[in-house]
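Listed in Swiss-Prot for this protein:
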| type | residues | note |
| --- | --- | --- |
| BINDING | 66, 97, 101 | Fe cation 1 binding site |
| BINDING | 97, 164, 198, 201 | Fe cation 2 binding site |
| ACT_SITE | 105 | active site |
């Protein structure tokens, strides 16, 4: 039988929330090049060797996770969901992960560090067993998603929410720690923009996962909940070791562990589940980094007040005249 292809009809809502998330994603859209980073150079030069090393490593770790989420995770989930609008929103989010978030970290590296140091930290990414396990565990769940199989899709969505609402935050901690003290503010501005993106990603995919979960029998729901908690525990135990490996040299590992437990509970909330970890007081400096005067840390806000969008000018014929060797003149 010949397949009938249908077009995306944006004049008709597929559900009561996807177009809202589309609009919010577009309102929040930003580009790495629109944020100047040179203002961080003076602070960076006065940081100790261990502080610089930890900062570089957490950003490199975030780069790996964003790369895999943009290249693998979101595209696979998008492929298996129904609805053109839902696919569009997920594909937009996938684009943000690699083309914007991962590139932003590279822009920070290029501003603050020499090429040799940048190359070293990307080699560290490939050799750090805790970071590699984190990526491998999440990607392996994505790879099990099967066509027309809602259970495997639900599990992939759970992995996605855990990545974006939980695992990223061990990396976000250190930039927020400085940002909350008024240091490395331009880099912190980028982190806040990324966090706001990840917030709506986690909420949106969480809503899609909840739809599938609610359709299951009580027994199947119990099985899926147990599976999700087992995955969370596996990721959490690895995250504790990763945190010690990266943050022990700056004496912040205990604080970071509190922060990741706090965000693990938020990830569970996004999936419609209750908190698993006990409530703890998170370092107020880091919370301050999420609630600075230049920011409204609310994923239903537009771009932060500290964000300056580039001026857009009409194209002129002269814009297409290139003088570089090998270009058309």
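Cβ atoms here come from the backbone N, Cα and C positions, even for glycine.
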(message) I'd like to know which of the binding-site residues 66, 97, 164, 198 has the most other Cβ atoms within 10 Å of its Cβ.
(response) 164
(request) Count the other Cβ atoms sitting within 10 Å of the Cβ of residue 201 (Fe cation 2 binding site), across every protein chain shown. (result) 29
(request) Measuring CB to CB from residue 105 (active site), give everything in the same chain under 8 Å that is also at least six residues away in sequence. (result) 59, 60, 62, 63, 66
(request) Identify all same-chain residues not among 97, 164, 198, 201 whose C-beta atom falls within 8 angstroms of the centroid of the Fe cation 2 site's C-beta atoms; report them in sequence order. (result) 66, 69, 93, 96, 101, 160, 163, 168, 197, 202
(request) Identify, in sequence order, the residues in the chain of residue 101 (Fe cation 1 binding site) that are 6 or more apart from it along the sequence and have a CB within less than 8 Å of its CB; answer 'none' if there are none. (result) 62, 66, 70, 194, 197
(message) Can you give me the Cα-Cα distance between residue 201 (Fe cation 2 binding site) and residue 97 (Fe cation 1 binding site) in Å, rounded to a whole number?
(response) 10
(message) Cα-Cα, whole number of Å: residue 97 (Fe cation 1 binding site) versus residue 198 (Fe cation 2 binding site)?
(response) 9
(message) Suppose the Fe cation 1 site is 66, 97, 101. Which further residues of the same chain have a Cβ inside 8 angstroms of that site's Cβ centroid?
(response) 62, 63, 65, 67, 69, 70, 96, 98, 100, 102, 194
